[in-house]
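Comments concern the structure below.
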Amino acid sequence: MTDGKVAIIQNKQEASSIAKKKLVSLLQEANYTIDQNDPNIVISIGGDGTFLSAFHEFEHKLDQIRFLGVHTGHLGFYTDWRDFELEELVSNLSNKQESSISYPLLDLQVKYRDQKAPKRFLALNEATMKRATRTMVADVYIKDELFERFRGDGLSVSTPTGSTAYNKSVGGAVLHPRINAFQLAEIASLNNRVFRTLGSPIIISDSEWLTISLEESSDYMVTIDRATIQHDDIEWISFKIADERIHFASYRHMHFWRRVKDAFIGEV
Ligand code: NAP
């Protein structure tokens with residue numbers, strides 16, 4: 001079966017432009033059409049950051065698209081093909097059966113004080129909430145029940161595939177992407193006799209939801225993967241595992257923990 005229509009998203013590196021040129025010609029030889037608007041395969045060329053951009057460009061069509069990442073720098077978590085393996089990549093695309101690999105996404109509902117209905121976003125890596133100048137104060141609810149009052153720099157909520165990104169830098173656990181759950185990690189929480197939070201990351205199941213209710217303030221910064229929303233009237237943000245998932249084409253079943261070791265530890 002040929003999937004037909006392929007969109008290619010690349011970063012600005014010269015190696016990515018060279019790889020794109022070669023890939024386009026290999027795909028056309030194999031009877032694929034390059035279609036940047038209505039593809040059923042999206043190939044990103046660059047790093048994990050480029051892959052995040054490709055995901056968000058097509059996040060409204062997730063049910064019809066399979067993604068694939070080519071890396072032109074170091075091995076990534078979403079980019080598992082190298083730029084010198086493009087012939088193999090194209091022949092894999094043509095010969096292989098539909099890939100069944102898919103991973104969880106985060107569903108965010110952002111409620112602004114001046115709007116009735118919350119606005120919906122999807123995150124592939126994570127969302128963070130930070131306050132720019134003063135201590136962020138936020139009530140954390142799990143399944144609508146108050147869990148803790150957080151004071152500190154901010155909070156990060158990540159997917160399993162995002163657990164190796166920002167989440168890891170703030171002390172979150174690395175989660176295998178086959179686990180259908182999401183994670184809340186603190187960013188420099190204030191903990192003393194007066195203020196108390198759990199002080200450790202928590203993993204939340206796919207049947208639960210988390211709501212972070214923010215104290216009224218004009219200087220919050222909310223990030224969703226590569227994007228930043230600077231908004232002064234966010235009332236609360238709720239999180240759950242999304243109904244949609246990201247599907248991969250010709251995914252390489254590299255042992256997840258080997259990938260983690262390659263990225264962060266190297267040779268022992
Ligand atoms: P960036 O600051 O240009 O790159 C941040 C780094 O995070 C890059 O090395 C990127 O890999 C890597 N990365 C992205 N997703 C990853 C994942 N799932 N697992 C492991 N590493 C990952 O930012 P960007 O390119 O716009 O990407 C945005 C993402 O960067 C955010 O979602 C956030 O997770 C991450 N980030 C992390 C920190 C931190 O750890 N302190 C700070 C800012 C942003 P590539 O080089 O392959 O692109």
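Positions of Cβ are set from backbone N, Cα and C atoms, glycine also.
For Asp48, the entry in TrEMBL reads active site, proton acceptor. Among the features that TrEMBL reports, NAD(+) binding site is placed at Asp48, Gly49, Asn125, Glu126, Arg151, Asp153, Thr164, Ala165, Tyr166, Asn167, Lys168, Ser169, Ala188.
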Protein Cβ atoms within 10 Å of Tyr166 (NAD(+) binding site), excluding its own: 19
Within 10 Å of its Cβ, which one of these binding-site residues (Asn125, Thr164) has the largest number of other Cβ atoms? Asn125
Take the C-alpha atoms of Thr164 (NAD(+) binding site) and Asp48 (active site, proton acceptor) and report the distance between them in angstrom, rounded. 11
Give me the count of other Cβ atoms within 10 A of the Cβ belonging to Asp48 (active site, proton acceptor). 23
Determine, to the nearest whole angstrom, how far the Cα atom of Lys168 (NAD(+) binding site) is from the Cα atom of the residue listed as 'active site, proton acceptor'. 15
Near Arg151 (NAD(+) binding site), how many other Cβ atoms are within 10 Å of its Cβ? 19
Take the C-alpha atoms of Ala188 (NAD(+) binding site) and the residue listed as 'active site, proton acceptor' and report the distance between them in angstrom, rounded. 26
Out of Lys168, Ala188, which has the highest number of nearby Cβ atoms, where nearby means within 10 Å of its Cβ, if these are the binding-site residues? Lys168
Do you know offhand how many angstrom separate Tyr166 (NAD(+) binding site) and the residue listed as 'active site, proton acceptor' by C-alpha? 12
Filtered by Cβ distance under 6 Å to ligand 1, the binding-site residues Arg151, Lys168, Ala188 reduce to none
